[in-house]
């Protein structure tokens, strides 16, 4: 029995590595994709020297950062200073454990997958708070406070959008949500929901125009101003891992995940299912960079006002209106 337990644990570790290693490579290449896309928007070339068309630039950047000296402020809380980037990265990586890459291709097909994802998203605030507080720096502390306020505000809007999908499907499981979209993707009937959902995940991942906690014109670099070398790499990986993760979740919630309409593809081919999910994820990753290239940064008060005065009442109205439609027409969605 002990040998069987060891073997099961070993197989579980192999499954985790099979998911995490390609995902970390994807995060690395997401940085070069962003730099190339921003260069195209600004009529520049972007990185070209390291590797063919600059594709090895992320590895050169990682090597440069790892070889730098780690500088710690003299008044910093050293335990929290090192713990905060680790906590932020771990919470951003744990979300991949329940993402279905194909039929049966998931580490854990958790029945409460959406609650698990929202919990991890909320707990990620602690890493940012710890980083600003432990550094004993005005800029870092202001950045962490801004980040916490923005995340708490937009958690409500994000949760309201996801709750509408839960009402439609009657499930918290990502695989069940994908199966409910075999006839029509949710982005078609729920386009207004998708719009305020995507605005909220831009704020959730601290991307332009909601990157006030990292506003270099005001706060140098925000909550990780005092972090360098490997701790900075952890924050960097956590940010881009969250972008790719939320892009995957968006593809699952609104574009049918790994499924395509049967007229285009045979959904029983598992290898193609993972490719389909990857392509849909790339669409939303492109949209993240597109918004960064085209939109200016909002003022802090405008960010909070947009959430509490405009988006949240609209989200609550849709949350009441859509179930009322089902009740009025005696429709059972599941």
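Glycine too: its Cβ is placed from the backbone N, Cα and C atoms.
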Given ranges 44-66, 113-135, the stretch to which TrEMBL attaches the annotation transmembrane segment: 113-135
Among 79-101, 232-258, 270-291, stretch most in contact with the transmembrane segment (6-33) (C-beta, under 8 angstroms): 232-258
Closest-packing stretch to the transmembrane segment (303-329), where packing means Cβ pairs under 8 Å, from 79-101, 113-135, 184-203, 232-258: 184-203
